[in-house]
């Protein structure tokens with residue numbers, strides 16, 4: 001039977017990871033390993049200064065005192081006699097589109113699976129008052145089945161964003177590119193109860209490139225967005241231009 005490792009960045013008790021695990025378990029052998037707390041925005045960070053501790057929960061899930069990347073790395077290296085076939089990360093509570101992908105622990109967990117040589121998918125539910133995790137789980141199962149039948153390149157993952165809509169209101173699936181946001185808003189300056197100055201991150205920037213073909217556009221119009229992401233961040237088209245002046249230094 002196909003073996004799937006499920007992880008996330010919202011934490012092992014988040015509703016999204018349960019919805020995803022339960023849906024996939026109807027068709028595949030599933031192991032669920034996630035952080036013991038919310039690690040949203042953790043990106044690809046690893047825990048290097050402390051040991052990782054694990055705790056097996058009553059439902060069979062395994063919590064880890066680390067980041068999403070830690071969870072996937074640990075699970076693949078230590079919890080399987082034979083590696084899983086696919087890594088699926090999610091279902092994230094909120095969008096991972098455009099620039100968000102660089103900060104996302106959800107995307108990072110999938111990337112770690114890819115770094116270790118496995119096909120991987122990150123899936124997120126987009127909207128306010130999130131409640132349609134079943135819709136995202138349904139599409140996760142469909143996309144996993146498609147990935148099994150039609151593998152993608154070894155340096156890529158699929159980043160999936162699903163509108164927060166009932167299943168019968170989804171218009172279809174679109175293969176997209178990443179959109180882009182304007183610069184993030186400023187910090188929020190406050191005082192703690194002792195009168196000391198503290199800062200919170202402000203809201204993300206508004207959508208700058210949400211044109212047709214982007215993930216932003218697809219989701220805003222009721223479509224599931226599937227964006228292939230590459231692990232290699234090299235801007236190949238810039239190499240000749242930069243090489244010209246670098247070699248003159």
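Each residue, glycine too, has its Cβ placed from N, Cα and C.
The Cβ of residue 40 (divalent metal cation binding site) has 20 neighbouring Cβ atoms from other residues within 10 Å, across all protein chains displayed. Per Swiss-Prot, the feature divalent metal cation binding site maps to 9, 10, 40, 92.
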| Can you tell me the three-state DSSP label for residue 92 (divalent metal cation binding site)? | strand
| query | Where does residue 40 (divalent metal cation binding site) sit in DSSP terms: helix, strand, or coil? | reply | coil
| query | What is the one among the binding-site residues 9, 10 whose Cβ has the most other Cβ atoms less than or equal to 10 Å away? | reply | 9
| said: Within its own chain, what residues at least 6 apart in sequence put their Cβ under 8 Å from the Cβ of residue 92 (divalent metal cation binding site), listed in sequence order? | reply: 8, 9, 10, 16, 40, 104, 106, 122, 123, 124, 125
